[in-house]
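**Q** Here it is, the structure, as structure tokens.
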Amino acid sequence: MGTTAKEEMARFWEKNTKSSRPLSPHITIYKWSLPMAMSITHRGTGVALSLGVSLFSLAALLLPEQFPHYLAMVKSLSLGPALIFSAKFALAFPFTYHTWNGIRHLV
């Protein structure tokens, strides 16, 4: 007759304890590679884009004024060129990276 599930589990944990192996693979044991970093960045930009579009559309529905009013408010802040460039980059990078990486994946 075979062993019970309880006996199998006891044997499993005893073997793992003796061999000093980690309980499950952890991110620290993997060697980082370019495909891994590109995949993680692709997922991150996808999440950022979906959140950005969702928040923008929710704001467009709920805020009382029209878009030109809020655009004029931002222009009245007289932000410096470095901050404007950084904001444009923060908006353009996720879109371009996610798009080109998706095309690369399809090809």
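Cβ atoms here come from the backbone N, Cα and C positions, even for glycine.
These came from TrEMBL, pasted as-is:
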type	residues	note
TRANSMEM	44-64	transmembrane segment
TRANSMEM	76-97	transmembrane segment
BINDING	His98	heme binding site
**Q** Is the transmembrane segment (44-64) packed against any residues at least 6 beyond its ends, judged by a Cβ distance under 8 Å, and which are they?
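**A** That would be 70, 91, 93-95, 97-98, 101.
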**Q** I'd like the Cβ neighbour count for the residue listed as 'heme binding site', meaning other Cβ atoms within 10 Å of its Cβ, all protein chains included.
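**A** Within a 10 Å radius of the Cβ of the residue listed as 'heme binding site' lie 19 other Cβ atoms.
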